[in-house]
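If you scroll down you'll find the structure; I have some questions about it.
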Amino acid sequence: MRIHDLDPENRPRERFLSSGPSALSSAELLALVLRSGTRHLNIVDTCQRIIAENGLERLASMTLGELQKTPGIGQAKAMQIVAIFELNNRLHHTRNTNRRVQGAKDVFEYMSGRIPDETQEHLFVLHLNTKNQVTKCVRVTVGTLNASLIHPREVFKSAIRESAHAIILVHNHPSGDTEPSNADRQVTTLLKQASAVIQIDLLDHVIIGKTSWFSFRESNLLG
């Protein structure tokens, strides 16, 4: 069935105009953006399928090639989907500019959407000013943390150049389990000692999962 074959009151566009975007399902909202389907698939059915198979969270990180594996999604529609989520990421980043950090929860929320490939570990350094506002986010390494491979010079280089007052380390655990490993503890100890020498305070090391986080400071493990 094509969208035009639906009763007018059941069409996504008409319902959007009469009741607002909150009245539509995620598939219907996506269908409004993509607009048209194929001869054999209407766009709402196509959007329902892609969301049912992947969920919004995975959909937000899918590549053009992955999206095009869904029947009815060609290159142009795949680009539209990627563009929607990229705009959302940029809005999130804009809202978090100069965000004041008062605890690990703030760090978790700030980092939401900033990790490009959550199947790998990424180590980030957040620069803070004297008001504990984040002034910069720098990715230092990609891959499992290892104290023998991470040199304090690389971690603090940008912070020194930017005259940061303090830093916070952030890295993700792809498994979702935020419990620190022995390597995480060793890296934290190494960088805390270096921060005392460099005189740029290491305020915290936060490990983030999909829905939770672990704070070395809040767990009294920062030293």
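For all residues, glycine too, the Cβ spot is worked out from N, Cα and C.
According to Swiss-Prot, the feature domain 'MPN' maps to 100-222, an assignment based on sequence analysis. The motif 'JAMM motif' feature in Swiss-Prot is assigned to 171-184. Per Swiss-Prot, the feature Zn(2+) binding site maps to H171, H173, D184; the stated evidence is sequence analysis.
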Once the DSSP letters are reduced so that anything not helix or strand counts as coil, what is D184 (Zn(2+) binding site)?
helix
Does DSSP put H171 (Zn(2+) binding site) in a helix, in a strand, or in coil?
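Going by the DSSP assignment, H171 (Zn(2+) binding site) falls within a strand, counted as strand.
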Determine which residues of this chain, when H171, H173, D184 are set aside, have a Cβ within 8 Å of the centroid of the Zn(2+) site's Cβ atoms, and list them as they appear in the sequence.
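The answer, listed by sequence position, is E121, L145, N172, T178, P180, S181, I207.
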Long-range same-chain neighbours of H173 (Zn(2+) binding site), Cβ under 8 Å, sequence gap at least 6?
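Sequence-distant Cβ neighbours: E121, I207, I208, G209.
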Provide the number of Cβ atoms within 10 Å of the Cβ of D184 (Zn(2+) binding site), excluding the reference atom itself.
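Step by step: centre on the Cβ of D184 (Zn(2+) binding site), count other Cβ atoms within 10 Å, giving 24.
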Within the domain 'MPN' (100-222), count helix residues (DSSP H, G, I), strand residues (E, B) and coil residues, in that order.
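Final tally across the stretch: 35 helix, 36 strand, 52 coil.
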Just jot down the residues in the same chain as H171 (Zn(2+) binding site), at least 6 apart in sequence, with C-beta under 8 A of its C-beta; none if empty.
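Within the chain, H171 (Zn(2+) binding site) has Cβ neighbours under 8 Å at E121, H122, L123, F124, L145, D184, H205, I207, I208.
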Could you give the mean pLDDT over the domain 'MPN' (100-222), rounded to a whole number?
91
